[in-house]
Amino acid sequence: KYAHLRLACQTELKPYYMSKLWWCGTTLLGLGEVGNFTAYGFAPIALIAPLGCLSVTGSAFISVLFLKKTMRAADILGGTLTVTGTYLLVTFAPDVPQEITARRVQNYLVSWPFLVYSIIGIIIFCILLYFYKRKAVKHIVVLLMMVALLASLTVITVKAVASMITLSAEGKMQLTYPVFYIMSILMAISCAFQVKFLDQAMHLYEATAVVPLNFVFFTTSAIISGVIFYREFQSTALLSVFMFLFGCLLSFLGVFVIAKNKKEEHLQIPFIDCGHIPGQNLTCKIQPDPHSSRYGTLNNEDNSVK
């Protein structure tokens, strides 16, 4: 976002993909996802998935520094709730040390709890897909529930693939088992369709509604899938389970508080005032072309345009 704002005020027109700042941001996003992927190989799903609330909180505070957004009391309250919830999550998350080998993944795939869970999930997904395709129901809950069901498969496969790669790097080769490639294919397919439905939700609804709901649905489905497939809360004390769920609740509340009443910015005028872009002192107006990767200018607009 910061790169796009800077490009909008430059006198030399160039596509965003020619910007070093844009590539820097994209690289950071990629490194973050690699770190997130790697984390699944070392920690339970029930711990990694809820920690996504930190990205929402971090984005709110970083936007104050880079995009000059106004710090609201709701942001501070939401950040406090998410940090408190994160502390409880890390403290009371299930600690079940186990090597996720290829043979163990094979046994989990044919276990009756996972088979029952898969059948129920497929039935629910088909019903939602029927309403989405045949009845043209595009409600946000329908879209994000499909995303969550796909996400449950995604986190299962991501953890399996990441764990097998980690063990192989440690000298315990797991990449020769067919289940590794089966899980890799399922991971790619579930990710692709997950992005499709999430993109549809972002297109139809404001991000302030999609982000918190998607976080809640995704986290809930990820925890349930981790409990059923990897049996992460096996032999966990009841008090620890309660405190862990309480930490999830605080994180959910924090995300909703941050997103609440944060309206999307819509331009009411056909130009962007470059004087309000951080790092720029220009006062010219620019007119972005929505069908192009370049930025056009309106330096010599007449009074009617002004």
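Glycine residues also receive a Cβ, built from the backbone N, Cα and C atoms like all the rest.
Sequence-remote contacts of a segment are chain residues at least 6 beyond its ends whose Cβ falls under 8 Å from one of its Cβ atoms, and for the transmembrane segment (21-39) they are 2-4, 6-7, 48, 158, 162, 166. What TrEMBL records for 21-39 (among others) is transmembrane segment.
Per TrEMBL, the feature transmembrane segment maps to 45-67 (among others). Long-range contacts of the transmembrane segment (45-67) within the same chain, counting only residues at least 6 positions beyond its ends with a Cβ under 8 Å from a Cβ of the stretch, are 1-2, 5, 36, 39, 75, 78-79, 82-83, 85-86, 89-90, 93-94, 155-156, 159, 211-212, 215, 218-219, 222-223, 225-227, 230, 232-233, 244, 247-248, 251-252, 254-255, 258-259, 278.
Annotation source TrEMBL lists transmembrane segment at 74-94 (among others).
Marked as transmembrane segment by TrEMBL: 114-132 (among others).
According to TrEMBL, the transmembrane segment annotation covers 139-167 (among others).
The annotation transmembrane segment is assigned in TrEMBL to 179-198 (among others). Within its own chain, the transmembrane segment (179-198) is flanked in space by residues 102, 105-106, 109, 143-144, 146-147, 150-151, 153-154, 157-158, 160-161, 164, 210, 214, which lie at least six positions past its ends and keep a Cβ under 8 Å from the stretch.
Annotation comment: TrEMBL describes 210-230 (among others) as transmembrane segment. Here the transmembrane segment (210-230) has long-range neighbours at 44-46, 49-50, 52-53, 56, 96, 98, 100, 108, 113-114, 117, 140-141, 144-145, 147-149, 151-153, 155-156, 159, 198, 201-202, 248, 251-252, 255-256, 258-259, meaning same-chain residues at least 6 beyond its ends whose C-beta is under 8 angstroms from one of its own.
Taken from TrEMBL, the feature transmembrane segment applies to 236-259 (among others).
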Query raised in the report: Does the transmembrane segment (74-94) make contact with the transmembrane segment (236-259) through 3 or more Cβ pairs under 8 Å, each pair 6 or more apart in sequence?
Result: yes
Query raised in the report: Under an 8 Å Cβ to Cβ limit, what residues of the same chain, 6 or more beyond the ends of the transmembrane segment (114-132), are close to it?
Result: 108, 138, 142-143, 145-146, 149-150, 152-153, 224-225, 228-229
Requested in this report: Sort out the residues at least 6 away from either end of the transmembrane segment (236-259), same chain, that have Cβ-Cβ distances under 8 Å to it, and list them.
Outcome: 46, 50, 53, 56-57, 60, 74-75, 77-89, 91-94, 96, 208-209, 211-212, 215-216, 219, 223
Query - Long-range Cβ neighbours of the transmembrane segment (139-167) (under 8 Å; 6 or more residues past either end) - result: 37-42, 45, 49, 99-102, 105, 121, 124-125, 128-129, 131-132, 173-175, 177, 179-180, 183-184, 186-187, 190-191, 193-194, 197-198, 200-201, 204-205, 209-210, 213-214, 217-218, 220-222, 224-226, 229-230
